[in-house]
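Quick look at what Swiss-Prot lists:
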SITE      Lys29  site 'Transition state stabilizer'
BINDING   Gly64, Gly65, Arg86, Asn181  substrate binding site
SITE      Lys241  site 'Transition state stabilizer'
Amino acid sequence: MKKKIQIVQTLLDALPFIKKFRDEIFVIKYGGSAQTDQKLKEKFAQDILLLYTVGIKPVIVHGGGKRITEILNRLKIDTTFIDGQRVTTADVMEIVEMVLSGDINKEIVSLLNNHGAKAIGVSGKDAHFITARPKDFEKFGYTGVIDHIDPSVIHNLLQEQFVPVIAPIAASNQLGHPGYNINADLCASKVAGALKAKKIIFLTDTPGVLDKEGKLISTLTEEKIELLKKDGTISGGMIPKVDACLEAIDEGVEKAHIIDGRVEHSLLLEIFTSEGIGTQVLGG
């Protein structure tokens, strides 16, 4: 009986958040262990189904860098990185699109549909809803920077109660162009801004932003982030994550979250509890 009462209490505790977030758009950047570990995949799908069922509108943007590198190595195609960004040659671009749009995207869509969601996979090339330009063609090849997002494509899918799953491939306005490989974090932040999402949530392999003692920092502002960058507290791979958060905030997203995707049901714990489990980034 005690366990049953606890279940009821958990539902009651979540109710204010369910009411608050009903009909709101949440953009979720899906990556890291949550995307590769089978048990975590199942928990992620359950979380998305629950969000979907209670009236929240999840939009998923996924990465796939590890699998891209794995396939490139298998095919003996050289791949290099500059400042953490992949150099995308024409040969690499072909594999990037194959893996992101043709492999990982469909795997996620199938996973969600098998759990009862109504998911549909798209890339920025579909209806040219994401267009881009070269970041620096001489240096990065077909690695791109987003120029424009047409939010109506995703809004139409949401209106029809689909869960959009977006592969970070952008179109070019040039006929016959292979398109652009887009950093998934930055793609997610741009999509969130274009959709005027309530939240953007990044699933990572870290608890969030940590201080110099390794303790979780639960709340950050742009001013605090700049200070922590200067003193080296925020460094390495966390820099592009917080930059993506700030870009989303600047585009009008209310809150950005960096959470540990290795924790089962991390999305629900962050969204439906007062304390959350990760770092939230606020405007101002």
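Placement of Cβ uses the backbone N, Cα and C atoms for every residue, glycine included.
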Greatest C-beta neighbour count within 10 angstroms, which of the recorded positions Lys29, Arg86, Lys241: Lys29
Lys29 (site 'Transition state stabilizer') and Gly65 (substrate binding site), distance between Cα atoms, whole Å: 13
Output field, substrate shell: CB within 8 Å of site CB centroid, site Gly64, Gly65, Arg86, Asn181 dropped: Gly63, Ile68, Thr69, Thr88, Val96, Val99, Leu100, Pro168, Asn183, Ala184
Candidate binding-site residues Gly64, Arg86, Asn181, pick with smallest Cα gap to Lys29 (site 'Transition state stabilizer'): Gly64
Lys241 (site 'Transition state stabilizer') versus Arg86 (substrate binding site) - Cα distance in angstrom: 16
Fewest other Cβ within 10 angstroms of its own Cβ, chosen from the binding-site residues Gly64, Gly65: Gly65
Listed in sequence order, residues with CB under 8 A of Asn181 (substrate binding site) and six or more positions away: Arg86, Thr88, Val92, Met93, Val96, Glu97, Tyr142, Thr143, Gly144, Pro168, Ile169
